[in-house]
Amino acid sequence: MASLGFLFFFLLPLILLELSSSRSVMAAKTRHFKWDVEYIHWSPDGEESVVMGINGQFPGPTIRAKAGDTVAVHLTNKLHTEGVVIHWHGIRQIGTPWADGTAAISQCAINPGETFLYRFKVDKAGTYFYHGHYGMQRSAGLYGSLIVEVGEGEKEPFHYDGEFNLLLSDWWHKGSHEQEVDLSSNPLRWIGEPQTLLLNGRGQYNCSLAARFSKPPLPQCKLRGGEQYAPQILRVRPNKIYRLRVASTTALGSLSLAIGGHKMVVVEADGNYVQPFSVQDMDIYSGESYSVLFKTDQDPTKNYWISINVRGREPKTPQGLTLLNYLPNSASKFPTLPPPIAPLWNDYNHSKSFSNKIFALMGSPKPPPQNHRRIILLNTQNKIDGYTKWAINNVSLVLPTQLYLGSIRYGINAFDTKPPPDNFPKDYDVLKQAPNSNSTYGNGVYMLKFNTTIDIILQNANALAKDVSEIHPWHLHGHDFWVLGYGEGKFSEKDVKKFNLKNPPLRNTAVIFPFGWTALRFVTDNPGVWAFHCHIEPHLHMGMGVIFAEGVHLVKKIPKEALACGLTGKMLMSNKHN
């Protein structure tokens, strides 16, 4: 195993180094990309499917830029029968809220045959990704990596000799359109567990790279190496230090990642540096990204497994695998030991232990000491007219046919003006089944005063089934937030004293554990309309999300292409003819 000296090797410079805030404006570039989004035939796991690809490939192309650069993506919709948008996950879109890529929220969907220019600045180095944000297009395969390196003249607060990127996802053989119909049916037809876990879009169905160790038994995968589903092998040299960037764009699953025989040192989370800590395995929820460092200090005559396993749900999907190939060994030389054993799927104490080890690196921005407003969001599973839905404070989100950003900016009455509730009834028991028969659909907006501090308490509860409460990773668009803490049961005022105001991590995605709460804090300093939602694709489709608006009057001229639908489109036409 990696020695403790490895951890100290990184720990000392990470503690001593101050974060640089300088940006080399003169060296910033505009990086242009021309993308066509279309359905293509592909074999992500050995079974040919129709996937949503970009420029004929799956996953989509990796974008690499430097902090301070401008990214310009000319995206053409070649889907023929449906609209499309792309969300740049983790990019705050400061000054460009219309480029956030959320249909009906920040922009109108891009119609078939149309081209939309996403132009935005990547202001902060980190590990990010992008994905579809219209219907369930992420489940259809519309995603890729977005890596932002430090700006010219800057250095990372750690050393490494090389880097790799792993984009994690899950894959169903049932198409995303059929999944949408199933989730909208009465009674509900649940989509079930994915057939395969993918690493960089590659997995193996009905066979295993580690067949001799698999339980239940699976045949050995017979690969030549050129198949679309053949694993992307990580080739390394002995006694080197590598950075592994990892992000999860799963539609459903929470995952555990491990490298056989190697410890990992976590140094980045969601584009923010953290105090380094060593782990044997790590949880990664949908919407999260990390960087870990590992040292190739094991027996150089062997290769090692890299594995991902399902967490938080009963694992009915085989683990995903690839190889850490110590050169000059052949990549066909399989490890002699079985893949790393994952923690039990419902060992939430293990998961909480990992989350509670994440602290901001010294020199990171600190949260304001007090809030101006607290919003407590209770997530429950409900029945509305017989349909199974998720609701927040008894309201299940249904996006309007009109555009939030344009409607608010130009004073168009396009959605429910009644604000959603800031809390839920005090007598609600989060530990018991509750039908919540008074739940409703809604599209109201939380109007947040500009440049104020907001606390969000995510409160989990029992679902419709007895003694069932699920993990939910929540993602905020347009912002990073401070994770102030986690707790068990129902949040109360006395829990405030448990908040970590000294070194809470900055994140854009945070998990809420079963029957527990998570406390977040952010500052409303980015004018726009921003989604805040569970990053599990079926849960968002079933209503688990809210909408925040802040400082919309400060938003500068919105590109007409982002407004060209519904009432904002009519406004454009009216102005054209007047």
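A Cβ is built for glycine as well, from the same backbone N, Cα and C atoms used for every other residue.
Per Swiss-Prot, these features apply:
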type	residues	note
BINDING	H87, H475	Cu cation 1 binding site
BINDING	H89, H131, H535	Cu cation 2 binding site
BINDING	H133, H477, H533	Cu cation 3 binding site
BINDING	H472, C534, H539, M544	Cu cation 4 binding site
DISULFID	C108-C565	disulfide bond
DISULFID	C207-C221	disulfide bond
DOMAIN	161-328	domain 'Plastocyanin-like 2'
DOMAIN	372-550	domain 'Plastocyanin-like 3'
CARBOHYD	N206	N-linked glycosylation site
CARBOHYD	N349	N-linked glycosylation site
CARBOHYD	N394	N-linked glycosylation site
CARBOHYD	N438	N-linked glycosylation site
CARBOHYD	N451	N-linked glycosylation site
SIGNAL	1-28	signal peptide
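Distribution of Swiss-Prot features across the structure.
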{"residue": "C108", "record": "disulfide bond", "DSSP class": "coil"}
{"residue": "C207", "record": "disulfide bond", "DSSP class": "coil"}
{"residue": "C221", "record": "disulfide bond", "DSSP class": "coil"}
{"residue": "N349", "record": "N-linked glycosylation site", "DSSP class": "helix"}
{"residue": "N394", "record": "N-linked glycosylation site", "DSSP class": "coil"}
{"residue": "N438", "record": "N-linked glycosylation site", "DSSP class": "coil"}
{"residue": "H472", "record": "Cu cation 4 binding site", "DSSP class": "strand"}
{"residue": "H535", "record": "Cu cation 2 binding site", "DSSP class": "coil"}
{"residue": "C565", "record": "disulfide bond", "DSSP class": "coil"}
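Sequence-distant contacts of N438 (N-linked glycosylation site), defined as residues of its own chain at least six apart whose C-beta falls under 8 angstroms from its C-beta, comprise N394. Using a 10 Å Cα-Cα cut-off around H131 (Cu cation 2 binding site), the recorded positions H87, C108, N206, H472 reduce to H87. Ranking the recorded positions C108, C221, M544 by other CB atoms within 10 A of the CB puts C221 at the bottom. Of all the binding-site residues listed here (H89, H131, H133, H475), it is H475 whose C-beta has the fewest other C-beta atoms within 10 angstroms. Taking N206, C207, H539 as the recorded positions under consideration, the smallest Cα distance to H89 (Cu cation 2 binding site) is found for H539. The Cα atom of H475 (Cu cation 1 binding site) lies nearest to that of H533, taking the recorded positions H133, N349, N451, H533, H539 as the candidates. Neighbour density around each Cβ, counted as other Cβ atoms within 10 Å, peaks among the disulfide-bonded residues C207, C565 at C565. The two recorded residues N206 (N-linked glycosylation site) and H539 (Cu cation 4 binding site) have their Cα atoms spaced 28 Å from each other.
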